[in-house]
Amino acid sequence: MSQLQMKLLRRKIEKRNAKLRQRNLKLQETSDTSLSQPQNGDVPKETGKGGKVKKALKRSVPVDSAEAQSGGMPEETLENGKVKKSPQKLTTLANGEAAPTPPPDSEVKKKKKKKRKMANDAGPDTKKAKTEESAEACEEPEDDVKKADDSEVPSLPLGLTGAFEDTSFASLSNLVNENTLKAIEEMGFKRMTEIQHKSIRPLLEGRDLLAAAKTGSGKTLAFLIPVIELIVKLKFMPRNGTGVLILSPTRELAMQTFGVLKELMTHHVHTYGLIMGGSNRSAEVQKLLNGINIIVATPGRLLDHMQNTPGFMYKNLQCLVIDEADRILDVGFEEELKQIIKLLPARRQTMLFSATQTRKVEDLARISLKKEPLYVGVDDDKEVATVDGLEQGYVVCPSEKRFLLLFTFLKKNRKKKVMVFFSSCMSVKYHYELLNYIDLPVLAIHGKQKQNKRTTTFFQFCNADSGILLCTDVAARGLDIPEVDWIVQYDPPDDPKEYIHRVGRTARGLNGRGHALLILRPEELGFLRYLKQSKVPLNQFDFSWSKVSDIQSQLEKLIEKNYFLHKSAQEAYKSYIRAYDSHSLKQIFNVNNLNLPQVALSFGFKVPPFVDLNVSSHDGKLKKRGGGGGFGYQKTKKVEKSKIFKHISKKPADRRQFSH
């Protein structure tokens, strides 16, 4: 327990002891008065063998004085005999009156030490109960009557993290600046989530931290509150340069973290800024020259400034935060991170926050966490890897009916807030154009959009009460989009961890609720095994196929006649096949098992378009998968209908097409 917490406890105990002394004096006066006027004659004298007068006293003391001695406890308690017998000994005065004798000081001290030791030795489960006992032992040396309840005594820290049982933000009042607490209150937060309550105190003490928690568990506030407190305590000024760096994997997450930081800094005067790819570099340089105390950044742009902006002062850095560490490594920032860590001063506090712990994250922890780090894993003992308020399931759907199922589902839930995940940018682009064309308004976010467009769309969807957002995995990490009702995974994720991040966009916060739907082909059901191993429970959703909109013929006519949709559908189909071919779980998502004509139907094609894919054959030669040039199958002499070889020689290929 820290000194601050001990002082707090001592102060409480001293106040209570003062009150108890006054009460005990009154009790003694009352007992003296009642004992001097016994109801049943004189008080019996002490026996020659040193016998005590307790029994006689018990008969002679009136009811009022008995209640007084019991500390004002209800009559039921007295009748049931639950009041502890006082350890005070009675002696007979010369005039025959009995008076209580207080126990010697040494005995009281022994009891205090003994009970304190018992409280300190207690495990995390029993510590709160033991603490109350120890507090009562300190507070009531003269009157050992048992209390029914004691809510004033603060509970001691639990576990390794030093976090109080009290999870309200108000409990941080002695550790966190009042301006920060005021901002938290204005944001509407009353209680800390588990990751916050386990992380904030050790981070305020300056510990290095490696934290793992489910998506939507409140990791952002868990690191922002301590870093703001660090800057405030050090009285950082713009001329001191940058004191805190917060790294985010995507621009959207960086913007969101910056937004939360902006709200927390409402009542502070320190400078803060956002640095990310896609924004005006010269404006960022000017801000850095003026001095930014807290920077939220994406790794690529940050490294660029560290290497090429001479006036960027980062040598005074006190703290480095890496948010969504596993995602930063996944999207190819490993080298940039290593270079950034080398350039930063070695004496600093480091925090790594992540939703999943991978080997790469452990490697990053080894090179970035200098001091003995504290590991906080709030979900390690949980049976389920996803949040409790999430109802999740899957639907088995053949390839040719995938779009019909999606269209029916979105049409039915158009008044709700829905996110649909695709495997490629081109697939998002095509479905965005198609659905809007057929009067089902949707939004889209993908990596090939310009940053301004991505930002506008992101905030538009965040602020909307209902709507449909089509996206790639760029939106699956860390983004806190409020009140998402459904997560639909139209294309299956690359692995179970990616599934967890995708569904983490819904059912966020303490009492969040949401639904998740995974669409699988019959050949892909083996993926459920991997999800089960990753503690993801899925039930099969019932779907009435008779209610599915049969718009296949209209879709095919539309794609055939509309040139722009036709080109977009071709690119989407090709990117879907290529993404499928690059899947990490090839034993389940095997591109050779795809029925291309059926897959093509879901994109509105009667005949599959040609796709240039290099896949290894049994004889070691390179082969090509896909449909024919333009609309038909491309046929060569040594190929089955479902496969197309890659052209190795420069001989002219057979370009015949099926009529349609």
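Glycine too: its Cβ is placed from the backbone N, Cα and C atoms.
What Swiss-Prot records for 25-40 is compositional bias 'Polar residues'. Per Swiss-Prot, compositional bias 'Basic and acidic residues' is recorded for 124-133. Positions annotated as compositional bias 'Acidic residues' by Swiss-Prot: 134-143. The feature ATP binding site is assigned by Swiss-Prot to Ala213, Lys214, Thr215, Gly216, Ser217, Gly218, Lys219, Thr220. Residues annotated as motif 'DEAD box' in Swiss-Prot: 323-326. Look at Swiss-Prot and you will find 389-559 tagged as domain 'Helicase C-terminal'.
Over all protein chains present, the Cβ of Ser217 (ATP binding site) has 23 other Cβ atoms lying within 10 Å. The DSSP breakdown of the motif 'DEAD box' (323-326), given as helix, strand and coil counts, is 2 helix, 0 strand, 2 coil.
Its Cβ taken as reference, Gly216 (ATP binding site) is surrounded by 24 other Cβ atoms within 10 Å in the chains shown.
Thr220 (ATP binding site) falls within a helical segment according to DSSP.
Its own atom aside, the Cβ of Thr220 (ATP binding site) has 23 Cβ atoms within 10 angstroms in the protein chains shown. The 10 Å shell around the Cβ of Gly218 (ATP binding site) contains 20 further Cβ atoms across the protein chains shown.
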